[in-house]
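Annotation comment: Swiss-Prot describes 11-31, 35-55, 76-96, 108-128, 139-159, 175-195 as transmembrane segment, evidence class sequence analysis.
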Amino acid sequence: MEHYLSLFIKSVFIENMALSFFLGMCTFLAVSKKVSTAFGLGVAVIFVLGLSVPANQLVYSLLKDGAIVEGVDLTFLKFITFIGVIAALVQILEMFLDKFVPALYNALGIYLPLITVNCAIFGAVSFMAQREYGFGESVVYGFGAGLGWMLAIVALAGITEKMKYSDAPKGLKGLGITFIAAGLMAMAFMSFSGIQL
């Protein structure tokens, strides 16, 4: 149990997808203008990561040498299968949001289908394969990585909303000041890097 708790804390704070590895920055910067939209996208990322990392762990275990047929190693197919599983989960999420939460579906716009190619999603799945997590570890890691990404985007959206009322220099208005805020947040998250769990 202690191992899973440390893996969860590590994936949320120490190895934050957005602020430590700088993965998923396209949607991270583009959708961080309003807290409500950022929260909705964060929940979507938690859903996709929480399901795609364990699902891909199961698929990856079937691709390993001798898993299906003795002497057959299908690990060269891992990237294409990872992308297929992620794309299927994003399509399910997109249909669900379109049917039951149309306001969020419209607010996210093009960024919802872009979760399919969000490098934070693929990065978490790749880290799972590289670190050879078991099924339980992949569930904890996927949920923790999604929660960490959501924490970062909601915090940045809150800062961005407050900066609307600030007197930023003309050349830094918009994405410029957002990059600076994200950089300062990343520096703050670097303080967690010294923690060994």
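Note that Cβ sites are derived from N, Cα and C of the backbone, with glycine treated the same way.
Counting Cβ pairs under 8 Å to the transmembrane segment (35-55), the stretch among 108-128, 139-159, 175-195 with the most such contacts is 139-159. For the transmembrane segment (11-31), the most Cβ-contacting stretch among 108-128, 139-159, 175-195 is 139-159 (pairs under 8 Å). Beyond its flanks by at least six residues, the transmembrane segment (139-159) meets 4, 7-13, 15-19, 24, 27-29, 31-35, 37-39, 41-43, 45-54, 120, 124, 127-128, 133, 178, 181-182, 185, 189 of its own chain at Cβ-Cβ distances under 8 Å. Sequence-distant contacts of the transmembrane segment (175-195) (same chain, at least 6 residues past either end, Cβ-Cβ under 8 Å): 13-14, 16, 19-20, 22, 28-29, 32, 152, 155-156, 159-160, 163, 168.
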